[in-house]
Amino acid sequence: MAKYSLEQRCAEALARQAGKMILRASRGEIEVFAKNGADVVTEIDRAVEVFITGELKTIFPADEILGEEFGGVEGLSKGRRWLVDPIDGTLNFTCGVPMSCVSIALQENGETQAGVVYDPYRDELFSAQRGAGALLNGQTMQVSRRTRIDDSVLVTGFRPKTPEGMSDNLDNFVRLSREARAVRRFGSAALDLAYVAAGRLDGFWEFGLSPWDTGAGYLLVEEAGGRVSEIKLEPYTAFEPTILATNAHIHESMSKRLNI
């Protein structure tokens with residue numbers, strides 16, 4: 001049994017239970033609150049995070065927890081810390097767009113050791129443990145094999161906090177839209193990373209994400225055979241300001257095309 005198998009199984013179970021909460025809530029009226037400028041939050045975000053963190057505290061009482069809605073100790077840590085995003089893609093959720101997910105990651109010594117991304121709408125569970133590969137609903141998944149940008153389908157996102165947050169990536173979006181086969185924007189960084197890991201997309205980049213956005217997803221990509229770094233190829237942690245995640249074949253080519 002791999003070192004973090006218990007933690008991985010717990011994260012998988014909690015993500016599935018959280019997904020049921022999200023699906024139930026999506027059938028009713030959703031009250032939306034403003035958060036950090038243009039970003040939004042719902043009572044469901046908060047309820048799901050309370051549920052997940054409460055269970056984690058019961059099972060692993062010595063571990064730290066950093067969540068999107070209720071925070072925690074930020075910055076790199078040498079100890080064990082869970083990163084929790086109760087609904088990644090909240091705006092999609094509030095609009096009835098079925099493109100959001102639950103993301104749970106366990107970090108130790110500043111690296112994600114186990115990570116889970118669960119899409120409740122499609123009942124897709126993306127899961128990985130460091131050194132043990134990546135799985136989609138229990139089956140091995142791998143990144144794509146495309147080697148050329150002009151044959152690749154890419155994905156990105158934009159920071160919601162300020163107008164400047166969008167403009168700092170628009171030039172990259174336009175440039176790669178011209179050079180790649182296509183560029184998509186789905187509104188959930190965790191799902192973007194999961195889709196790269198599953199070989200559905202070939203590359204992802206974004207600015208200004210939080211550790212709970214990428215903590216699980218970047219491990220999925222690495223364990224599926226991909227590569228993750230900062231945009232200018234510096235080593236990546238979930239606390240870095242930029243991320244580039246690809247099938248590895250187009251990684252350096254993408255980096256050269258991106259401005260920060």
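Backbone N, Cα and C atoms are what each Cβ position is placed from, and that goes for glycine too.
What TrEMBL records for Glu68, Asp85, Ile87, Asp88, Asp213 is Mg(2+) binding site.
This view paints the features noted in TrEMBL onto the structure.
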{"residue": "Glu68", "record": "Mg(2+) binding site", "Cβ contacts under 8 Å, 6 or more apart": "Asp45, Glu49, Val84, Asp85, Pro86, Ser210, Trp212"}
{"residue": "Ile87", "record": "Mg(2+) binding site", "Cβ contacts under 8 Å, 6 or more apart": "Ile22, Thr42, Ile44, Asp45, Val48, Phe93, Ser100, Cys101, Val102"}
{"residue": "Asp88", "record": "Mg(2+) binding site", "Cβ contacts under 8 Å, 6 or more apart": "Ser100, Cys101, Val102, Ser103, Val117, Ser188, Ala189, Ala190, Leu191, Trp212, Asp213"}
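It is Asp213, among the binding-site residues Asp85, Asp213, whose Cβ has the fewest other Cβ atoms within 10 Å in the structure shown. The Mg(2+) site, placed at the center of the C-beta atoms of Glu68, Asp85, Ile87, Asp88, Asp213, has further neighbours from the same chain whose C-beta lies within 8 angstroms: Val84, Pro86, Gly89, Thr90, Cys101, Val102, Ser103, Ser188, Ala190, Ser210, Trp212. Under DSSP, Glu68 (Mg(2+) binding site) is assigned to coil, being neither helix nor strand in the three-state scheme. DSSP assigns Asp88 (Mg(2+) binding site) to a strand.
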